[in-house]
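*Asks:* So that we are looking at the same thing, I have put the structure below in structure tokens.
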Amino acid sequence: MNNILVINGPNLNLLGKREPDIYGNITLENINQKIKLHFKNEDLKIHFFQSNEEGKIIDKIIESEKKYNAIVINPAAYSHYSIAILDAMRSINIPVVEVHLSNIYKREEYRKKSVTAEASLGVISGFGYYGYIMAIEFILNNLVREK
């Protein structure tokens with residue numbers, strides 16, 4: 001069985017309440033349920049982790065190499081400046097795909113740069129919760145099922 005870790009960064013626990021004009025009314029729990037439902041027939045276990053604390057995210061990334069086949073990460077605001085998360089992502093030997101709910105290139109200038117993208121296989125941005133599904137499909141089709 002394949003194990004994929006989905007990491008969500010700061011303030012994503014506020015989805016459904018925070019800036020619904022940008023993120024919609026869907027909650028993080030709803031997103032997690034939709035992801036699980038989409039992959040219910042796969043030989044796949046999806047694990048979810050959310051933290052508002054940079055250090056906890058770093059610890060989770062570092063320990064993930066021994067437990068998971070890949071990571072899907074939405075570093076949220078940390079994507080724009082966290083060299084520490086970037087370094088943690090570079091230190092592991094499993095694939096990482098970065099996801100953003102909103103199109104970061106249509107947002108404020110400071111949101112248009114993702115430093116963590118440098119350690120990601122790719123970045124999916126602007127497709128809402130479906131970006132997570134796209135990332136997992138990519139992982140399964142290109143990295144896991146091929147083996």
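Quick reminder: no glycine exception, Cβ is built from N, Cα and C everywhere.
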*Asks:* Swiss-Prot has His80, Asp87, Leu101, Ser102, Arg111 binding substrate. Which one of Asn74, Asn93 is in the same site?
*Replies:* Asn74
*Asks:* To which of the recorded positions Arg18, Arg111 does the lowest count of other Cβ atoms within 10 Å belong?
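*Replies:* Checked Arg18, Arg111; of these recorded positions, fewest Cβ neighbours within 10 Å: Arg18.
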*Asks:* Checking the binding-site residues Asn74, His80, Asp87, Leu101, Ser102, Arg111, which are within 10 Å of Tyr23 (active site, proton acceptor) at the Cα level?
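*Replies:* Hits: Leu101, Ser102.
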*Asks:* Let's check the environment of Leu101 (substrate binding site): how many other CB atoms sit within 10 Å of its CB?
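*Replies:* Excluding its own Cβ, Leu101 (substrate binding site) sees 24 Cβ atoms within 10 Å.
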*Asks:* Can you tell which of His80, His100 has the least company, meaning the fewest other C-beta atoms within 10 angstroms of its C-beta, among these recorded positions?
*Replies:* His80
